[in-house]
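Take a look at the structure set out below.
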């Protein structure tokens, strides 16, 4: 698009830009423009500005052109209605309100509008993250009249909401893209910002077309209402693109002065003096997303306030642009060369541009990409890549620069809700950004060698002492010495060096060897203890066996003695039993008469003897049975005692 001449008053201007919309905005990670289908409005000269179709928000007429709301899309896509400037019945006046905290509600906006005298607010729609539903910090409002639109443009930036001054702009795709990029970017400035600017000063603002992405200046020759394309890589992340450049008519050649020149604005004093600083953005209560609190101050702007400048533009060269209705805003630092009027500014940064830190109302879990270099503080811009004001926006009043916001979310907004812990409104933003104070200064060669020699001494002495302690059997002392030396070397300033890593590895090898030796010694001592215990067990078992054998022998002897005594008693009883009949027989013979007695007398004499025999025999048997029972009980008791003694010995 750099070498294409555009007809500013063509009705089919959208055909020229239809093929460029996806190329320009599709790579920014913003997929909210798929439903854009409405034709763009023809740009008007003078006070009427031509808007571009916007997505996810509202149509952007330069002077409150009506926009028709389409309910399609996740956030509600707004299309611009083509037509003339004549009012219609369905006419809606819409504006973007940005730089809001994530906890700002539609009621807060309604109250602020009521305070400035606007009572015909129709709708407030916030832009939210699709992943967690959190507010992105900007919204689109619909008003009922053009007078209310003008009042909001002029007075709402002076009205703070939750400690931040809102930014009001006409709805356009460029403003929407800028709001989206500001809540996605997070620049991380290096510790020292003393480098030169990143490009030469642009030779002229009104010349012919320049190559796409040239770092020295913008492309000239584009229409006033549409900035040149293909310059996403040369714009600072925190800078806005002007929205309504059609209010600056082009008169004269490239080197001629701009028409309708206004007197320059007078400076209001430097930041270091006692006077008020020049009105610039961002404010103290509402820092722009991307500015980190506590950063370095910019250089004192001793010259007159200046307009937004390009990357690498010169300092101290103000631009006296027209002061139309869209230019009623405070100046900012940085500027263009005064050779010609600003005929076009580059668009917002593309996907390759530097990224910035999230604002307090942005969830940082979605934006962890590393940041690029920020703007030089001496170039006049806000520190750490903070954006300058956009010419299509009304800026807040004069406020300080380096104060952190002292406002937080109200109690009803739980910062640890179901959508994750939100970041606090002030302080250092979370993320994998190293602290410059923790990085440490670079060591000189002399300091490096001194630290390395100290580490070598520590390593050699630790190894020698550990080896001597290990040889003496003091393994715990040797291990402690090596561990201490390893920790000391790792904490030194040159621990990342390869030579230092070699020292650490040698110490670790020595430590592993000593630990292995200490483990082997413990195992040997344990094995000796085990062998001693097993020997004791064997001796104990042999002694038990001997005792048991002796007890068995004693038991056998007792049994033999018992058996011998019982046998003798039995033999005696048998002898008595044999002798008893003979005795009875002899008695009977001596008593018996010569005559054979009568049978009755004989039976009476024999009956007592036989009865006595059986009684004696029964008595002997019972006594023998009792004796055997006693011996059996005694043997059982002896066996029980023996078992008890065995159990007691086995336990001990």
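One is the number of the first residue shown, and numbering goes on along the chain from there.
Every residue, even glycine, has its Cβ placed from backbone N, Cα and C.
In Swiss-Prot this protein carries:
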COMPBIAS  187-203  compositional bias 'Pro residues'
COMPBIAS  205-223  compositional bias 'Gly residues'
COMPBIAS  256-266  compositional bias 'Pro residues'
COMPBIAS  295-307  compositional bias 'Pro residues'
COMPBIAS  338-352  compositional bias 'Pro residues'
COMPBIAS  391-406  compositional bias 'Low complexity'
COMPBIAS  420-435  compositional bias 'Pro residues'
COMPBIAS  518-528  compositional bias 'Basic and acidic residues'
COMPBIAS  529-538  compositional bias 'Basic residues'
COMPBIAS  539-590  compositional bias 'Basic and acidic residues'
COMPBIAS  598-610  compositional bias 'Low complexity'
COMPBIAS  612-652  compositional bias 'Basic and acidic residues'
DOMAIN    93-173  domain 'RRM'
MOD_RES   596  phosphoserine
REGION    20-85  region 'Disordered'
REGION    184-440  region 'Disordered'
REGION    518-652  region 'Disordered'
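Sequence-distant contacts of the compositional bias 'Basic and acidic residues' (612-652) (same chain, at least 6 residues past either end, Cβ-Cβ under 8 Å): 540, 544, 548, 551, 555, 559, 562, 566, 569-570, 573, 576-577, 580-581. Restricting the average to the domain 'RRM' (93-173) gives a pLDDT of 89.
Here the domain 'RRM' (93-173) is broken down by DSSP into helix, strand and coil counts: 24 helix, 28 strand, 29 coil.
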